Amino acid sequence: MIDKLHFSLPKNIRLKEVLQWDFFSVLLVVLLFFRILVDRSGLGAVVGLALLGGFFLLLLFKLSIPKYLLFYTGFFFLLIGYAFLNAVYLHNQPFFSIRGVVRYFSYFAVFILAYYSKVSFRQIFILYTLVVLLESVLAVFQFLFMGMERPSGTFINSNHFSYFLVPYFAILLVVYRYYFAAFLIFLLSSFLGGMGGVISLLLVLFLFMLRYARRWQKIFAILIFPFFLAGAAFLMQNRIKELTDVTSISERLAENQAGGGSSLVWRIVTWKLMYDELVAKDGLYTGMGLEFASLASPYFLESSIREPHNDYIRILLEFGIFGLIMFLFALYYALSRMRRASIIHHSKTYFAIYAALAAIFLGMIVGNIVVLNTLWWLLLAIIAIKHKEEKLKKTDV
């Protein structure tokens, strides 16, 4: 069991494989690791600029981007470019608006760096494991010795940590079938206190059972499912008690009172106020521009003191209805491609990615996930490396 849980990681690292890494492979791994370590410190932008610098070096020396990739990302860049110009036109803040462009461009850059790196899926998963172990130990320390009710490790808050665990949970469960380790990750997410993260993990578990479980395993899952819920309920009892004020939603909406109450209540009221502001400013169809829903923005919403905590609302605010429609289509396309790839290649890894994406898209209803660099950098690197390895298999055949 100890070996299965990868507690003996150094024995599993093949030094010869690591020594084959080039400069860009080392850069990728170092930046992925440090981006997580500096998340709370506010130095993430520095790591992001270093990533973009590495990308342009790669572009200069050894890169020719595949045409099909340029085609797919062309629409993405057109949408980001439009939202940037819209923000500059409406708010006259070109220097701040570029912040969003850099963030979203870094997602593309990390995918390309990972695709052309010599890092394997196994190696990136070992890095993922080391990060999760480090952050878990730090979170427990913060809870026991620093009095933090909702510890978050080096992440900005515990929700970010919870969503970061979703792809890791999916890979443990689907690819490696480490059920006990996956259960510990579920308990860790519950301990962090984020309901969105826990619900996302439950969706991964549900999709896994639908796809891979035999009849006796489904019966067993039904029997042990109450233990999952009991563990989550025990670790999240304070968050569950907060939900008793959901009956006040209509009253708060009538009074435009967003502050106070449980996290779910203030979210729902705030979404309504944000939508009303968007309509009042004639931005429903075209949006109010990039970073309009960012709390650090000098032209942030007047109706809230918090970010939307709903990525679909965020996209509507910044990109308008047309942008939201494109965003929803992109999510559907990504899910369908991953599911199809898992069937064609008989790949558990692709299915794990599919399940993780589905869970993350569900979590977007109550989270600020689309702007989580720590999550997307690592997940996009995993997708790129897996895509590269599948193409190499085809070439060898």
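Each residue, glycine too, has its Cβ placed from N, Cα and C.
For reference, TrEMBL has these:
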- 181-328: domain 'O-antigen ligase-related' (DOMAIN)
- 20-38: transmembrane segment (TRANSMEM)
- 45-63: transmembrane segment (TRANSMEM)
- 69-89: transmembrane segment (TRANSMEM)
- 101-119: transmembrane segment (TRANSMEM)
- 125-148: transmembrane segment (TRANSMEM)
- 160-179: transmembrane segment (TRANSMEM)
- 185-207: transmembrane segment (TRANSMEM)
- 219-236: transmembrane segment (TRANSMEM)
- 313-333: transmembrane segment (TRANSMEM)
- 353-385: transmembrane segment (TRANSMEM)
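Within the model, the domain 'O-antigen ligase-related' (181-328) carries an average pLDDT of 83. For the transmembrane segment (45-63), the list of distant contacts is 24, 27-28, 31, 34-35, 38, 99, 102-103, 105-106, 109-110, 112-113, 116, 373, 377: same-chain residues at least six beyond its ends, Cβ to Cβ under 8 Å. Segment contact holds for the transmembrane segment (125-148) and the transmembrane segment (160-179), given three or more CB pairs below 8 angstroms at sequence separation of 6 or more. Below 8 A, the CB atoms of the transmembrane segment (313-333) and the transmembrane segment (353-385) form 3+ pairs separated by six or more positions in the chain. Counting same-chain residues at least six beyond the ends of the transmembrane segment (69-89), those with a Cβ under 8 angstroms from any Cβ of the stretch are 97-98, 100-101, 104-105, 108, 286-292, 299, 318-319, 323, 326, 330.
Sequence-distant neighbours of the transmembrane segment (353-385) (same chain, 6+ residues past either end, Cβ-Cβ under 8 Å): 28, 31-32, 35-36, 39, 44, 48, 51, 103, 106-107, 110-115, 117, 119-121, 124-125, 128, 131, 155, 159-160, 163-164, 166-167, 169-171, 174, 195-197, 199-201, 203-204, 207-208, 264, 267, 294, 307-312, 314-315, 331, 334-335, 338-339, 342. Sequence-distant contacts of the transmembrane segment (160-179) (same chain, six or more residues past either end, CB-CB distance under 8 Å): 4-6, 36, 39, 125, 128-129, 132, 135, 139, 152-153, 185-186, 188-189, 192-194, 196-198, 200-201, 204-205, 208, 212, 348-349, 351-353, 355-356, 359-360, 363, 367, 369, 372, 374-375, 378-379, 382.
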